[in-house]
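Data first, discussion second: the structure below is written as C-alpha cells.
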Amino acid sequence: MSMLFYTLITAFLIGIQAELHSESNVPAGHTIPQAHWTKLQHSLDTALRRARSAPAAAIAARVAGQTRNITVDPRLFKKRRLRSPRVLFSTQPPPEAADTQDLDFEVGGAAPFNRTHRSKRSSSHPIFHRGEFSVCDSVSVWVGDKTTATDIKGKEVMVLGEVNINNSVFKQYFFETKCRDPNPVDSGCRGIDSKHWNSYCTTTHTFVKALTMDGKQAAWRFIRIDTACVCVLSRKAVRRA
C-alpha cells in the first residue's frame, strides 16, 4: 500500500512539473485554465480512494496466487539430500497428527513427491503404558500456512506456500512439534525433584530443506521449524547455614 501511495505522489508531482513547464511556454496574457488543476487533483483523489479501499486480504491473495505459476521439476524430489520427513508436498491436507505414522496416502491418484518412511521408523517406537507420563507435554501438527521463516543464516525468507508440479498445484506442509505448556505442573517439568532442581519445558528447533523464494525463482533453503519439546534443568542454589 505504501509503495502504491508513493508512486501516486510521484505521478502527481510529475504532473505538476509538466503543468508548470507548459505554463512557462504559454504566451503572455494567457493563463492555464483552472479546470486543468481541478482535473489533476480529482484524478489523484480518485486513485488514492481506490488504493485505500482495496482490501488487504485481496492484495495478499493476488500475491499468494502468483506462487501457483512457479513450476518445479519433479525430479528434484528424487534427490535424497532434499528429502525430509517433516516436509511434505501434497494436493490435499495430510492426516491429523494422530495419524501421521502413515504417510503412504494417495494424493490426486499419486503419492506425494517426497513421501518418506516415517511409518517404518515409528512402528518400533514404544507405546506409553498406563501410568507412564512424559516430563513435558507436546503437540504436533501439520502447518500449511507458513509464509516466512528464518534460514540457517539467520535471515528471514519467504516460504513458498504452493508450487506447480506436473500441472498440479501442490501445497508445502511442515510437521511441527512444540510445547503445549511450559509448566505442565506447578513446579515445572513433570517428575522432577523441585526441591533440588528448577525446570521448565521449552520448544527446540531444527533446520529442514524447504522451497523458498529467491528473487523471482524457487530455491531450496534450510529453514528453522519447531521439532521437539524438552525439559530444561538448572540446579537450585544450596543454602548454607
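The backbone N, Cα and C atoms fix where each Cβ goes, and this holds for glycine too.
Because the structure is a prediction, the values reported are computed rather than measured.
According to Swiss-Prot, CYS179 forms a disulfide bond with CYS229, chosen from CYS229, CYS231.
When other Cβ atoms within 10 Å of the Cβ of CYS231 (disulfide bond) are tallied across all protein chains shown, the result is 19. Ranking the recorded positions ASN166, TYR173, CYS229 by the distance of their Cα atoms from the Cα of CYS201 (disulfide bond) places CYS229 first. The subset of recorded positions (ASN166, TYR173, LYS209) lying with their Cα within 10 Å of the Cα of CYS231 (disulfide bond) is empty, i.e. none.
Counting only residues at least six positions away in the same chain, the Cβ atoms of VAL135, CYS136, ASN183, SER199, TYR200, CYS201, CYS231, LEU233 sit under 8 Å from the Cβ of CYS189 (disulfide bond). Other Cβ atoms within 10 Å of the Cβ of CYS229 (disulfide bond) number 23 in total over all chains.
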